[in-house]
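Colleague: Dropping the structure in here first, questions after.
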Amino acid sequence: MKPWAAFHLIFLVASSLEGEVSNYGTRGAQDTEPTCRTEHQCTRDKIILQSQPGIPGIPGVPGINGSEGLKGDPGPQGLPGETGFDGIPGVAGPKGDKGDQGDKGDKGDKGDKGDACILDDCPPTDVEVRNCQDLLEHGEILNGWYTIYPTKENPMVVFCDMETDGGGWLVFQRRQDGSVDFYLDWESYKKGFGKQESEFWLGNDKIHLLTSSGTQQLRIDLEDFEGSRTFAKYSSFSIGDENEKYRLIVGSYLDGSMNDSFRIHNGHSFSTKDRDNDTNKGNCAMMYKGAWWYFHCHHANLNGLYYKGKHANYADGINWRSGKGYYYSYKYADMKIRPQQSETTVS
């Protein structure tokens, strides 16, 4: 029921009651007292008012907040959040201590082939310089290391003796102080080894290239520990390639001051401690601690051990049989080549 309908009903009931009260008022005095004496007698005069609930009242004012309760237990840990953005780089810290040296890296790739010339006054590239004699003819008069071109594709750095016997000699072996070990293997003699400022072996592959075209004279110079110098010169010298085991071809003995102890090695192959090519049942290179064109075994052993003069061991020093024999090792020895000349000056 709508509120207005309930109100209208109450109004009608009230009006009816008011009429009855008025009727009672018009009665006489005898009506002033109720005529019923018991509840049962008055039942018919009762009026019972019934109606619909009234309109709800306005909500009251909110009450005061209660006191704070006890702190609850921590809840379970939440899932990790997403990574934030990188912050602004901070200021660089102080420089740390120097670290230890790292491990050696892998070997790099082979570089491009460069200019082999090592002197400030290298000859022009259009000048053909095949050997030390060519350098001498182009005005180079000082002993030292030069670049030559035995072939255009094979530049080579070599030591040139520009003083001895007219100069123009290319030195391929030198002994002078024992600073380099000459008791080495086949591969070492193939490629060459030593130090430019002291002792060296140029390398059998290079010696073969240098002696494979044109006739090369050979000169061997020796000096003992008493300062006495001697030499031997040969009309020609060459060696074969590795397939030929660097076989020696040496010409006639021209002249010298220490007699010949080398031509007996002619026609023999080169031997080292790990490559026995001699005609002996044993390994001559191992027995006499060198590398040479041994047969059964040697008359010269210029790549033997470096002793200071006389030695007790038999024939394993820098020996020259027709010179000071098998028990004396020379202080200095070198072997050098030069293109054959029609006239030579001996010194």
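Any Cβ shown, glycine's included, is placed from N, Cα and C.
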Colleague: What residue among Cys117, Cys122, Cys160 is stated in Swiss-Prot to be the disulfide partner of Cys132?
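Modeller: In Swiss-Prot, Cys132 forms its recorded disulfide with Cys160.
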Colleague: Hey, how far is Cys297 (disulfide bond) from Cys160 (disulfide bond), Cα to Cα, in Å?
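Modeller: Given the Cα positions, Cys297 (disulfide bond) is 31 Å from Cys160 (disulfide bond).
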Colleague: What is the separation, in Å, between the Cα atoms of Cys284 (disulfide bond) and Cys160 (disulfide bond)?
Modeller: 31
Colleague: Averaging the per-residue pLDDT over the domain 'Collagen-like' (57-114), what integer do you get?
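Modeller: On average, pLDDT over the domain 'Collagen-like' (57-114) sits at 77.
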Colleague: Out of these disulfide-bonded residues, Cys132, Cys160, Cys284, Cys297, which one has the fewest other C-beta atoms within 10 Å of its own C-beta?
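Modeller: Among the disulfide-bonded residues Cys132, Cys160, Cys284, Cys297, the sparsest Cβ neighbourhood within 10 Å belongs to Cys297.
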